Amino acid sequence: MNWSVFEGLLSGVNKYSTAFGRIWLSLVFVFRVLVYLVTAERVWGDDQKDFDCNTRQPGCTNVCYDEFFPVSHVRLWALQLILVTCPSLLVVMHVAYRKAREKKYQEKIGEGYLYPNPGKKRGGLWWTYVFSLSFKATIDIIFLYLFHAFYPRYTLPSMVKCHAEPCPNTVDCFIAKPSEKNIFIVFMVVTAVICILLNLVELIYLVIKRCSECAQLRRPPTAHAKNDPNWANSPSKEKDFLSCDLIFLGSDAHPPLLPDRPRAHVKKTIL
């Protein structure tokens, strides 16, 4: 694996994320991915070999293991982490697409721009980011449900009773390292729940922020705002211009009417 490429992808994801997104990224790659790579394979490496039943009936141990472990924890976690981390790369790819499109536009036109800031979450990029948050939270919720369906209460007992064929009768089977596995399972479940909460909080934050910005754009500017020197380049001025309000430089008063023309025929102009 080329770690420089991996580091570049992570830095790109971190660059275009909010504070909540950066916390989520650190939590996933430090407490989930690294812990999984270092610990999971060692704890579950020889799980089937260490699964022991008090019978010598050929095939009984394998059948009992398959009954109590239909899907390995390690493989479920691997699939979960892959599906959870991939949507974050969609944001980086969308920003790269915007930059490439902006570059082609500059080469063709030579002036102006398509995006004032290609990395700013506006338009399609905002929807891409919201989709990635929703997808990540949904994936974690689905996998938590699957784990609970396969292993109720997420914990493993030290001994299970099996009566599946070809076992001659009910046999006792013993799981290797149950306490160590339960600690690891609880850790992975708790970190997944925290990641879900972070995704939901970030999603709510983005929606509230976007609604607030839209409300500010629709709000008419006050006289104090129009007298502000920075108001000349603000969206409020553009809105006043589009609504055909007559604004004079340094004043919000209407001009005096010409004596020989009615007020309705005065051409409204912005200076």
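Cβ coordinates are placed from backbone N, Cα and C, and glycine is handled just like the others.
The topological domain 'Cytoplasmic' annotation in Swiss-Prot covers 1-20 (among others) and rests on sequence analysis. The average pLDDT computed over the topological domain 'Cytoplasmic' (1-20) stands at 62.
Per Swiss-Prot, transmembrane segment is recorded for 21-40 (among others), and the stated evidence type is sequence analysis.
Residues 146-147, 150, 160, 162, 164-168, 171-177, 180-181, 184-185 of the same chain lie 6+ residues outside the topological domain 'Extracellular' (41-75) yet bring a C-beta within less than 8 angstroms of a C-beta in it. Annotation source Swiss-Prot lists topological domain 'Extracellular' at 41-75 (among others).
For 76-98 (among others), the entry in Swiss-Prot reads transmembrane segment, with the evidence type sequence analysis.
Positions annotated as topological domain 'Cytoplasmic' by Swiss-Prot, on the basis of sequence analysis: 99-124 (among others).
Residues or ranges marked as transmembrane segment in Swiss-Prot (evidence: sequence analysis): 125-147 (among others). Using a Cβ-Cβ cut-off under 8 Å and counting only residues 6 or more beyond its ends in the same chain, the transmembrane segment (125-147) has close neighbours at 16, 24, 71, 73, 76, 79-80, 83-84, 87-88, 90-91, 94-95, 98, 119, 154, 185, 189, 192-193, 195-196, 199-200, 202-203, 206-207, 210.
Among the features that Swiss-Prot reports, topological domain 'Extracellular' is placed at 148-183 (among others), with the record citing sequence analysis.
Marked as transmembrane segment by Swiss-Prot: 184-206 (among others).
Positions annotated as topological domain 'Cytoplasmic' by Swiss-Prot: 207-271 (among others).
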Checklist entry - Residue counts in helix (H, G, I), strand (E, B) and coil for the topological domain 'Extracellular' (148-183), per DSSP? => result 12 helix, 8 strand, 16 coil
